[in-house]
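Q: Have a look at this one before I ask anything.
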Amino acid sequence: MVEGEELQVLKGPPESQLEISVARRDGDRSHNSSRRSLRNNGGKGCVPILRRWLPILRWTLHYSRIDLLADMIAGVTLGLTMIPQSIAYATIAGLPSQYGLYAALVGSVVYAFLGTVKEVSIGPTSLMALLTYQYAANHPPQYVVVLAFTAGIVELLMGGARLGFLICLISEPVTSAFTSATALIIIGTQLRNLLGLPKPVTATADGGLFSTVLDVSRRYTEATVPDSSVGFACILLLVILQQLPKLVPASSQRWRRFACLLWYVALARNAIVVLGSAFLSYWIDSGSNTGSAVPWKLSGKVEPGIPSFQLPTQDIVVGNVTISFFDIVADLGSGPVLVPLVAILANVAIGKAFSSGQPVDATQEMIALGLCNVIGSCFRSMPTTGAFTRSAVSHASGVRTPLSGFYSALLCLLALGILTPYFFYIPRATLAAVLIAAVTPMLDPSIVAKLWRAGFHYDLLVWCCCIALCLAAGIEIGLLGGMVVSMVQPLASFVWLRVECETIHERDQHFTYRLIRLQQGLLYPGVDRLRTLVLQEMHMHGATLPIVLDCCRMVLMDFTACRALDNLSKEVHRLGGNLLLRNVLPCWHERLALHETEHGLAFGTQAS
């Protein structure tokens with residue numbers, strides 16, 4: 001799927017897992033009883049309708065104190081992961097840090113009312129940040145707000161039209177290549193911040209992964225030692241903290257409390273690294289009499305507080321030029337279409353990963369995601385979707401309901417109200433390290449060997465084409481190109497005629513014939529091949545041997561194929577042969593003008 005870490009690292013010790021499993025059983029009972037009451041009350045009043053569109057009403061009547069405690073623990077744990085990630089993802093999009101916190105705050109609250117999968121965490125992600133940067137780079141922040149608004153509108157329209165089936169058109173190799181390419185691009189874009197390099201002067205140097213890596217390789221001598229040291233030290237520390245739970249065996253009962261402590265430290269590693277480096281910068285700056293003595297580059301000023309409600313459809317003024325809402329939408333190009341498509345793909349896929357085999361209401365998820373973006377845009381939010389990393393944290397923390405998002409939102413609110421003055425001291429290299437460590441697990445090179453060994457060579461070709469297009473032409477073109485290439489194989493299986501030929505002897509009826517079994521369907525591209533095959537069979541085995549077309553596996557046929565079969569039967573009859581059909585669907589009898597014979601169905605032009 002789209003963003004991730006291995007779930008094995010996030011699994012808790014035995015004690016917490018026992019509590020989580022008990023909580024899940026209780027939650028399942030409450031959810032099942034809620035479903036039964038919903039079925040029993042169906043059709044009476046407006047309550048079932050409200051429960052259909054407001055999933056929070058399905059479980060609040062059975063919400064217990066145990067649920068409250070479990071959601072509080074999961075929400076606080078998730079918030080410690082969400083805050084540093086949101087700040088870092090805003091930098092990918094080229095925005096001030098507060099925009100990421102706005103998105104995390106609004107997304108968490110709205111999804112608590114409308115979400116159907118308790119583990120899903122809505123907010124800024126690396127994928128959405130990268131897409132946002134590609135469409136709104138070098139533009140005022142209002143462009144990002146309009147992008148979130150239009151993406152939300154498209155998601156609502158897709159949900160209203162029940163277009164969730166479109167997600168099925170994206171195969172797993174395309175998803176893997178897409179996420180791997182996204183991770184590589186994000187790592188490439190963060191190399192400059194990690195090494196302390198200034199932004200390129202020319203626009204061409206910031207045009208993609210290859211140009212970025214080439215520019216960094218040319219200017220590596222300009223890298224600063226303080227920034228590089230902080231960046232690599234943070235990456236090393238993140239890796240070490242992630243591996244802490246492995247120090248104590250999961251089956252150890254003696255050290256289970258210590259194992260639980262290490263587990264929570266590993267979950268909060270992003271917050272620990274970000275707050276620790278910010279405190280170090282603040283200590284160095286406050287202890288200096290000269291001012292601005294911090295040797296590495298800092299994030300800069302972050303605007304405190306929550307923005308007031310404002311519709312994103314208003315005109316903006318840039319310099320002396322007034323830009324209307326529709327002009328902004330036109331400048332965004334394909335962004336309002338591609339961004340929601342990718343967001344829905346990520347959100348539904350994450351929902352399926354954590355639904356324990358239960359079906360995911362894709363329509364409701366589209367509506368929830370659409371309202372998260374529409375309402376968030378009124379509070380200057382960047383585009384949002386579900387994040388696999390944070391969803392895995394919620395799952396491992398024993399989340400009971402989507403209400404855990406409220407507690408994560410409270411932490412974001414606390415960060416916006418109190419901690420924003422200290423966000424100034426977060427090193428840019430630290431944020432780059434957090435991003436690189438977060439997206440590295442998205443790389444999936446092992447799928448190449450799996451596809452090759454399993455014999456899925458065409459899927460391997462799809463993977464290679466998709467990742468090459470993503471890296472060379474952009475991730476939106478790569479995604480669409482990968483979808484097109486992956487759809488060639490299923491289309492070809494229906495379009496290109498496939499048959500099986502054999503000679504059959506029916507001793508009881510003293511009937512010998514040449515059987516041609518049609519596979520899947522007969523469409524107009526395969527008509528000429530069928531005619532050639534039938535005539536070759538007549539030439540090889542003689543016109544006296546009847547030819548029988550077995551249609552037991554044929555499920556699709558178009559008008560051209562019907563006309564071609566009729567013409568082919570006439571041609572075979574003129575050559576002295578006999579063409580019969582067997583196992584034809586009843587709906588095609590009249591279309592083909594067939595009639596019963598002793599050995600099968602014949603066309604009206606053929607003799608019995």
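Using the three backbone atoms N, Cα and C, a Cβ is placed for every residue, glycine included.
Predicted automatically and left uncurated, TrEMBL annotations should be read as such.
The transmembrane segment feature in TrEMBL is assigned to 72-92, 99-120, 140-158, 261-284, 337-354, 366-383, 403-424, 460-488. The domain 'STAS' annotation in TrEMBL covers 515-584.
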Q: Going through 366-383, 403-424, 460-488 one by one, which has the most CB pairs that fall under 8 Å from the transmembrane segment (140-158)?
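A: Top-ranked stretch among 366-383, 403-424, 460-488: 366-383.
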Q: For the transmembrane segment (261-284), I need the partner stretch with the highest count of C-beta pairs below 8 angstroms, choosing only from 72-92, 99-120, 366-383, 460-488.
A: 72-92
Q: Run the contact check on the transmembrane segment (366-383) against the transmembrane segment (460-488): 3 or more C-beta pairs under 8 Å, excluding pairs closer than 6 in sequence.
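A: In this chain the transmembrane segment (366-383) does not contact the transmembrane segment (460-488) - fewer than 3 Cβ pairs sit under 8 Å.
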Q: Residues sitting near the transmembrane segment (72-92): Cβ under 8 Å, six or more positions beyond its termini, same chain?
A: 98-101, 103-104, 108, 121, 123-126, 128-130, 132-133, 186, 189-190, 193, 264, 267-268, 270-271, 273-274, 299, 382, 387, 389-390, 393-394, 397-400, 403-412, 415, 423, 426, 428, 431-432, 434-435, 438
Q: Can you check how the pLDDT averages out over the domain 'STAS' (515-584)?
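A: Mean per-residue confidence for the domain 'STAS' (515-584): 86 out of 100.
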Q: DSSP says what for the domain 'STAS' (515-584): how many helix, strand, coil residues?
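A: Tallied per class, the domain 'STAS' (515-584) gives 34 helix, 23 strand, 13 coil.
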